[in-house]
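Undergrad: My structure is below; once you've seen it, I'll send some questions.
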């Protein structure tokens, strides 16, 4: 259908009071299938001002998401959508806009220059537009996958949501360019696992670990650290659940929070309450790294399986806890107070199993490096069959949650389980991973790991903005590739990671010298980062390094909780032999789509259907 287009002068004359009144009285103008009976369990603010709020629920049976978008201060329209990394270009969008006479709701997309186009396949279905005391509420749905090349495939991992505010009418959807709008992005996991809530113990108690009335700095990013401690003589307990406590009014400010337990070998830790990067922060706080709880925007309460709990308190456990809160304050608001934190639910009735946390992936070492100017360079770390055979109990372990972690150049992380040389299943995968959005995620399905299994963790990096090689290490400009898996029963195996054998890396430096006129320093006193810094990064040297990581022996770290390796020969270990890999997931098209509209849905001023 052709959308009517009044003249520019007519549109301008209609703008103002008429547009505002028209959009405010938009009440139930559209009729469609009713939303599911279940409420909207997930809710996030989209913009820092809190004028846009998104709620949603997930139907795995229908493979559909129902969205509810609340627009508190509607001007001339709004756009919402998804893109690969949060760009407004090449985005999958749904737009509510007005031309001055009528309003339209339509599935759209933006091109590489930010111009918006109506999608020929209308996959966003508007179910209801309703004025509420809070603002205009838009209820619509969309399948996970549509098989429309202009649409975003909604997957299990991180989704980069984008939004835009239309402040004036547009005579046509094609007249809108995202660069002229007030826009932004928000990261979230849309496809939350449908995990049933386990029974909770009758003697359950709570403990709140909260920031003590923090005056949030008026800068875009702040990591705030606060040290607290358990009561004297606090006995051993099991954490069975935790949930966020966000100060009312700060929902758009608190991005993520973590509670760490400090190292038991220190009898005391100094008190601290301030920015984590402060020069006044005691260095001993760097030994508070054992994660007890982690929450990120959009996440709900985290439950441990009925048969397991995370132990804390008692002998051999530190009394000291560190709370870390990430404040995201792009508007640089001054004077805001915050007492957000995490509420721990714990029981003195210990469950059958202690839960454990194991590190998978790559060792923090500069021998694993990413050349500069790479768009998708892959590094892989192994937890080998030799290590799991030695360190896991005969009945194996059961992974129920996972937290992926890289530094700034990480773009994708996946861990797969292999058995008898064949990849069997994915433990966790995030194809749109962002280092700015990290949370402990419940797995849809518990993954059982048997002695002799292999766990393979691969990270994909983008270093297009780097001039030198990015080496592995603890620094924020260095890189990591880690999956912290949460499992039960707890074992002595705390770290199962690898890195290329250092001797073979030196052979790489000597080898590329033959083709580069001794440009790479291989002198004994040169460090590995210094050697990488002198490599001329032509295509040959890049390919050889990638090939080296794909065949060279590895140094295996099969470590106990005491940071001591299990007994055995762990150097110059061959890479696990994988004879069969999992196929890449194939998007599923909706079985029956029904009749989608040929164009946008039109709503006239009187509330009738267009």
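Cβ atoms are placed via backbone N, Cα and C, with glycine included.
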Undergrad: According to Swiss-Prot, 255, 256 bind Cu(2+) A; which of 160, 182, 326 is also listed for that site?
TA: 326
Undergrad: So one of 57, 559 should carry the feature N-linked glycosylation site according to Swiss-Prot; which one?
TA: 57
Undergrad: Among 280, 358, 480, which residue does Swiss-Prot annotate as binding Cu(2+) B together with 405, 407?
TA: 480
Undergrad: Counting other Cβ atoms within 10 Å of each Cβ, which of the glycosylation sites 57, 177, 194 scores lowest?
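TA: Relative to the other glycosylation sites in 57, 177, 194, 194 has the fewest Cβ atoms within 10 Å.
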Undergrad: Around the Cu(2+) B site (405, 407, 480), what further same-chain residues have their C-beta within 8 angstroms of the site's C-beta centre?
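TA: Close Cβ neighbours, site residues excluded: 406, 410, 435, 479, 481, 482.
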Undergrad: Measuring Cα to Cα, how many angstrom lie between residue 405 (active site) and residue 57 (N-linked glycosylation site)?
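TA: Distance (Cα to Cα, whole Å): 27 Å.
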Undergrad: Write out, in the order they occur in the sequence, the residues of the chain not among 255, 256, 326 that have a C-beta within 8 Å of the mean position of the C-beta atoms of the recorded Cu(2+) A site.
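TA: The surrounding set, listed in chain order, is 254, 257, 296, 297, 325, 327, 328.
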Undergrad: Round to a whole number and give the Cα-to-Cα distance in Å for the pair residue 255 (Cu(2+) A binding site) and residue 223 (active site).
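TA: One finds 10 Å between the Cα atoms of these residues.
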Undergrad: Find the one among the binding-site residues 256, 326, 407, 480 whose C-alpha lies closest to that of residue 57 (N-linked glycosylation site).
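TA: For residue 57 (N-linked glycosylation site), the spatially nearest of the binding-site residues is 256.
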